[in-house]
Amino acid sequence: MSVVPPGPPALDIDDSPTHEAPPPVEPPAPAGPRAGRALPCTVVLVGLMGAGKTCVGRCLAKLAGVPFVDADAEIEAAARLSISEIFATYGEAEFRATERRVMARLLERPPLVLAAGGGAFMADETRALIARRAVSVWLRADLETLVARTAGRSHRPLLNSGDARATLAALMERRYPVYATADVTLDATDEPPLATARRAFDAVRRHLAHSLSCPSESSP
Ligand SMILES: Nc1ncnc2c1ncn2[C@@H]1O[C@H](COP(=O)(O)OP(=O)(O)O)[C@@H](O)[C@H]1O
Ligand SMILES: O=C(O)C1=C[C@@H](OP(=O)(O)O)[C@@H](O)[C@H](O)C1
Ligand SMILES: [Mg+2]
């Protein structure tokens, strides 16, 4: 009789939304059919580690007058563990399962700017939900930019062992064709994050103006 070795334990997360930030004070309402709504649906920033999702996302939320949520921070708050601790104790598969669950919950909330973790958009289920309920923006960065921006930081477990440059290059190969399916693609440059956020805001508004309706309005 073969004995199946026990896998890592399942991660127990607090699914209550109590750790979420309260909505900000409403900005002045714009005139027109979208009056009172600074952004009609959630914007999800996707891209590799170091692309600037968290940093640019925070600026974009201020510009758009909606809350900012970082998916990794939500996962950490729900698990009461850092991303590195989750990887070390429970393994990557359990992290990914938690990430899918947290993303689904965040995508049910009223419009916000959501900085996804770099791997979130690779899950079919999450990508399908984003397509239905949000506008996705890929912050596309070259390898040099990603290496420079992630160097010397230890909070990304995938880059903590081996050659970070080689890991990022391999991830680019695997993930860029999938990130390329996002609604909007923006190149990450050396400009200040606020300038990238302004470009993102303009591109999202253009995208919404050209699509028939906001995804969150056309599907339940
Ligand atoms: N123009 C820029 N846009 C975004 N991030 C920048 C820029 N220049 C430098 N950075 C730095 O690069 C890092 C990007 O990290 P972060 O926003 O956490 O990326 P991600 O969430 O995509 O992994 C931050 O330390 C940020 O300060
Ligand atoms: O690309 C990935 O698989 C990951 C990206 C990280 O988020 P950032 O992209 O915000 O660094 C974090 O979710 C985790 O370390 C795994
Ligand atoms: Mg981030």
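Cβ atoms here come from the backbone N, Cα and C positions, even for glycine.
As annotated by TrEMBL, region 'Disordered' applies to 1-33.
The compositional bias 'Pro residues' annotation in TrEMBL covers 20-31.
Sequence-distant neighbours of R156 (ATP binding site) (same chain, 6+ apart, CB under 8 A from its CB) are M49, I83, T150. Taken from TrEMBL, the feature ATP binding site covers G50, A51, G52, K53, T54, C55, R156.
If you look up TrEMBL, you'll see T54 marked as Mg(2+) binding site. For T54 (ATP binding site), other Cβ atoms within 10 Å of its Cβ number 18.
Taking the Cβ of R175 (substrate binding site) as centre and 10 Å as the limit, one finds 18 other Cβ atoms among all the protein chains shown. When secondary structure is read from DSSP and collapsed to three states, R175 (substrate binding site) falls in the helix class. For D72, R96, G118, R175, the entry in TrEMBL reads substrate binding site.
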For this session: Round to the nearest Å and give the CA-to-CA distance linking D72 (substrate binding site) with K53 (ATP binding site).
Result: 11
Seminar exercise, completed: Around the Cβ of C55 (ATP binding site), other Cβ atoms found within 10 Å total 20
Seminar exercise, completed: Distance filter, Cβ under 6 Å of ligand 2; input binding-site residues D72, R96, G118, R156, R175; output D72, G118, R156
Seminar exercise, completed: Spacing of the two Cα atoms, G118 (substrate binding site) and T54 (ATP binding site), in whole angstrom, works out to 10
